[in-house]
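Down below is the structure, laid out as structure tokens.
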Number of protein chains: 2
Amino acid sequence: MSDPLRLGIAGLGTVGVGVLKIVRDQADLIAARAGRPVEVTAVSARTRDKDRGVSIDGMAWEDDPVALATRDDVDLFVEVMGGSDGPAKAATEAAIEAGKDVVTANKAMLAIHGQALAEAAEAANVVIRFEAAVAGGIPVIKALTEGLSANRIERVMGVMNGTCNYILTRMEATRQGYNALFEEADKLGYLEADPMLDVGGIDAGHKLALLSSIAFGTRVDFDAVQLEGIQAITLEDIVQARDMGYRIKLLGVAQMTGRGLEQRMMPCLVPAGSPLGQLEGGTNMVVIDGDSVGQIVMRGAGAGEGPTASAVMADVIDIARGIRVSTFGQAASGLRQVRAASSAVPAPYYIRMALLDKPGALAKVATVLGDNGISIHRMRQYDHAETTAPVLIVTHRTTRSALDEAVAGMLRTGVVAGDPVVLRIEEV
Amino acid sequence: MSDPLRLGIAGLGTVGVGVLKIVRDQADLIAARAGRPVEVTAVSARTRDKDRGVSIDGMAWEDDPVALATRDDVDLFVEVMGGSDGPAKAATEAAIEAGKDVVTANKAMLAIHGQALAEAAEAANVVIRFEAAVAGGIPVIKALTEGLSANRIERVMGVMNGTCNYILTRMEATRQGYNALFEEADKLGYLEADPMLDVGGIDAGHKLALLSSIAFGTRVDFDAVQLEGIQAITLEDIVQARDMGYRIKLLGVAQMTGRGLEQRMMPCLVPAGSPLGQLEGGTNMVVIDGDSVGQIVMRGAGAGEGPTASAVMADVIDIARGIRVSTFGQAASGLRQVRAASSAVPAPYYIRMALLDKPGALAKVATVLGDNGISIHRMRQYDHAETTAPVLIVTHRTTRSALDEAVAGMLRTGVVAGDPVVLRIEEV
């Protein structure tokens, strides 16, 4: 058996504590699988004295994660602090410069600085692995980078923010509105310190940008992800969607089109009976279409101490075994800078709007759609006690740009109150 | 870029041809991901001149796969001939002895000779990879060996024979009996040359034995797999199961129990709404429960040219990248020989039998169950035009041994015609 692999862990929150527990509880199993022991030699966190339910006795303490990352007795730097910049980035860069491999759960840092970090790692001949950054315990980074490496990837799709899926499925189950469930999620500790990371789709967008890079051999381009959060989704949208055989999911889709790479993270209607449509609560699902393999679906817990630590430690064991893979699956210099395509792939759309109670209002809206070349698949107008009447329209396949023009036209008619809700119907 | 990795491919059936096509069509993508080109230098098959839809011009030809496996211009031996012994085994052994890495799709060979081959590979410092041997294109060997390596695996479960799932789901869809669908599957070319490999559960049993070894760090023990095929399943079983909210699947389950390692591959009732219950046609699904990660579900095509070749080539690209993992995820010498447990885990059971039209027949059967400590959850007796009456019983949780004794007791009462069908109800 070879020398132990010595970890330095920066961040002792949920994930860091989970990693410490696995190293402690599964030492024999890890040593057998890795072919060498794995041990934690040093840790760093905001607060030293705190009951974390796991002992850090015998491990060196560093207040400064940069100092931790560069210690001589650390072979591998485990970054589980989070935050796209600041200490996480500084310590990661220092680790790379000091010739240490890096395992991180930090989707924000990689989505924003991934290319630079990958290039630095390559120059220093170290690896950066980040299984825990996407879809929690689901080994999807490995599946995409290695398990499906012989495929030209056609599409990557997924529900990758458990908090949003929790809110959406609980809205349906409890018949409560968005605000009530947002508060419930907050009380349960499901929300990030900045809740927009979750409900604004930013966290899930970071994850999608990472998957895109691996899938299509492109430079991570988070800025090109079309982002929409779930804040505008009402209980009525959920009920109406369900009534038509759909469920609403915060769905990420990345695909290469003739016009460039399309990456979108937004609430969509998906068939209720599809695997994505059936996804409940905090569970994540990633769907990968490859030219040879067809469709692969992976499902599992998207967050939590155990699942996330499982992913971190899988990367650690890989490195202990001598598995060394380029950050995004190929040389960083070879990753292409591609054009971003915006909703190049046509789809049917769901539109909900409130019409003012004026004669001919519905006809005006329908005319605008027709003028923009959009045909209507279904339309429903409801009686309401209010002065406006809710109208739902499901269109046939159209482009987002045609739809956006139509919506602008509708607003100009003066019969639409407020902003219409427009949701793509994804054929999964 | 490094030197090309040179493949020698033995077997140019569906899988071999699929591999040739990927090497030809995805050369650039593979070179970028592997960091070096992959090329095929030599091939071997039963017939040289045959239109395979892909050219073998420029590749050396060998009639003898052993000669192929040991050629100086072959770095990696790709064994896609099949068969547990004979040429496949001889060539694999020769390749290992000659210091060549091996990628194989051969579940039978590994299920029976896996330990010896793993030891030989270790001694020769070569690797054997076999992603394509289990669940076609689903990267489940990689997920279990690497992606979930930090977990103590609690259970591995799966539908891993597409032909059986095709027959079972088509019986339900078309309301035809087993024999009609067996013939349909045969006409479609879905059956192995020896159909018992499929419908007898042997092929799926081989796959389960391989997953068990990785999951539990044990020596492959195919002989310990409790095997039952799907031949006894009638349309009535399928209809009745469905009526009770279940579907019948040829389901493999491996779990470590207090009494040893339990491995069973047999038709079971699973909840119709569960991911396994919803699996249609030739699709495969593997469900892995780990102590940290919770439950991971993976779904994809279980067979076919593209999916299987995708898995073979993922192994090839891994090796081209320098990824070297022990055959069953840890040193072969460290794999434990464990006791086989037979149905140690209790479960409810479904029993269908034909009762002779005699007074008190049903009471006799119920008494025998009670005498064996088995309580009845549901029971149905149907009117029938025949001289026997079909009776269905769903028991509460019990052990298989108690149930087997009860069935023997029922047969001794003289009121049961033929052999009862007994199916486990798996709580998935």
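Yeah, the Cβs are placed from backbone N, Cα and C, and that goes for glycine too.
Feature list (source: TrEMBL):
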ACT_SITE  B:Lys207  active site, proton donor
BINDING   B:Lys107  NADPH binding site
BINDING   B:Glu192  L-homoserine binding site
DOMAIN    B:350-428  domain 'ACT'
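Between the CA atoms of B:Lys207 (active site, proton donor) and B:Lys107 (NADPH binding site) there is a gap of 6 Å.
Geometry remark: the residue listed as 'NADPH binding site' versus the residue listed as 'L-homoserine binding site', CA distance 13 Å. Within the same chain, residues at least 6 positions away in sequence whose Cβ sits under 8 Å from that of B:Glu192 (L-homoserine binding site) are B:Thr163, B:Asp198, B:Asp203. Each residue in the domain 'ACT' (B:350-428) gets a DSSP state, and the totals come to 24 helix, 32 strand, 23 coil. Taking all protein chains in view, 29 other C-beta atoms sit within 10 angstroms of the C-beta of the residue listed as 'active site, proton donor'. Annotation note: B:Lys107 (NADPH binding site) sits in a helical segment as assigned by DSSP. Each residue in the domain 'ACT' (B:350-428) has a pLDDT score, and their mean in this model is 90. A helical conformation is recorded for B:Lys207 (active site, proton donor) in the three-state DSSP classification. Take the CB of B:Lys107 (NADPH binding site) and look out to 10 A: across all protein chains shown you find 28 other CB atoms.
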